[in-house]
Structures are given as C-alpha cells and as structure tokens.
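S.K.: First the structure, which I've put down as structure tokens, then a few questions once you've had a look.
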Amino acid sequence: MELRSRRSAEAYLVTPEEPAKNKSERSIESNERVGTREAKSENTSVFSPAYSDTATTDSSKKVDDNEYYNFTSHFMPSLKNTRELENTILNLIQRIKEGDDETLVSEKDLILSVLNRSLASTSHWKLQAQLSELRATSEGRYAVETNLLKKEVEFLKNKTPKTNESASSAELRPLLERPLKRKLSLPGLAQRPLSTGARLEGGYGGVSPNSWKTKVPKLPLPASRPSLNLSPQKVPTGTDKVEEDTKIDTLELVENNKPHPRMRRRSDNPATNEYVRVFHLEKKEPKSRKK
C-alpha cells in the first residue's frame, strides 16, 4: 500500500520531459532488459530512489519491477523515462564490471549520454520536489484558514444563545396571544335559517328571525370632515340670510374673453383649444321699470 501511495503521489509531478535517447541506448535496452534482471547476483542489493526508499533484494525486486513498469507505462512519461534511465544505468554498471578496460573506450558515447540524461532527470525531480513543498505549504495554509473560519462561525453561533432564545420567546408570546383574544372578543353569529318555513314556525333552532341582526356589531359612522373654507364660519341669522340673498341677486357671473397668459392656442377651432376660462362677478344693471 505504501508503494502505491508513493507512486500515486509521484504521478502528479509533471514537468517538461528529459532529452531523447540515442539509438545505441535503445538497442541496448531492448536486447538486455530481460537478461540483466535475471543475471544479477543474489548478494548484490540495488538502491532505487524512483520507487523505494530502502535497498531491496532480488527476490522482492522482481515483483516490484514488473508491477512498477506496468504502472508507469500507462501513466506519466516522465516516470517511465526515469525508470528506463535507471535500468540503463544498472545495465551499464553491470557491463563495466564484467568487461575490461576496452569496454570503457567502446562504451564512451553511451556513458556520456547516460550522464547527460541523469543530470536532466536530477534537475527535473529536484524541481518537482520544490513544487511539492510549495504545494504542501499552500495546502496547510488553506487548511488553517478554513479551520479558523469554522471556529469563528461556531463562536458567533454559540456566543449568547440563551439571551437570544429568551428575547425571541418573549417577543413571540404576545404575537401568538393577540389573535386568540380577538377571536374571543368577537360576538358569535347565529346560524341563519335554512328555509322560509322555518322562519314562519318561529326560527331555526329556537332563534328569532331578527336576532342575528341585533348581534352583528355596528360600524362607527364616518366622522364629518371640516370644510375647506379658511374664513371663520358664522352662525347665519335671519338678517344675514336676507343680505346674502340680496347680494346674490345683484351680482352675476361674466366670462372674461380677453387673452390670458395661461391660454393655449393650438388651432382656430376654440373647441379644441386648451385654455383656462376666466370669470368674474359684475353687478347687474337695474332693469328700467316700464311706465
């Protein structure tokens, strides 16, 4: 389980790939990949930082190699290239151990290319380690911020729960009691008779036909509104009424046909013009009595 968790964590580390391999490296890897795995001695132990933190023996390494190769072949190519580079280095070490001094000269180009790829792979995974550290710090900071927010919300919720509940209950009690009091204060209306025959017989259920009218509450009469006249009103007497009648008889309403500043003339037809009609009171001319 630890091996799979470590590989799944490494699968997220992705950066530009390492340089391409030479033809000689490809031929060596294709021909000697299987042979070198079986030709290793039982006493030697191999340290593989790509997938293990401790040295492993050949008995347990065969299973891990097959599992890890199948895993990396379907995932990120950077892991696959790193694993292939590891196999190439192991093959090259084995060939140098078994060979003579001439092998160093013959395999000079291969050694240089492997060293170059090793440097690229080292820089690649060093960058990935730095990125993982930064990601871990950012995730830890985010977790701390979320925990602080949760604690703050819980503190605000549990700050004064008792006082809030008592105040809310005290406010709700009168609101719940008011409609009940109103219902009890209203007079109960008797049921109306179902037919005219029941009315003639004395009412339905022993109730007189006009008893429900007496129990209906009467609405208050609308209050009389004061007049809009600003002048103080006087109680009219008999002499005042006679004087007002004489004044009304001596005055008449006459329309003023002079042009007015508020008049609007839109056409020659006076019926369509929108204007303000001005009237004034004039004294009536005394009619000449016929002799």
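Each residue, glycine too, has its Cβ placed from N, Cα and C.
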S.K.: Which of the listed positions, SER30, SER60, SER267, does Swiss-Prot note as phosphoserine?
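M.R.: Of SER30, SER60, SER267, Swiss-Prot lists SER267 as: phosphoserine.
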S.K.: Write down the single range among 151-173, 220-242 that appears in Swiss-Prot as region 'Disordered'.
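M.R.: The listed stretch tagged region 'Disordered' in Swiss-Prot is 220-242.
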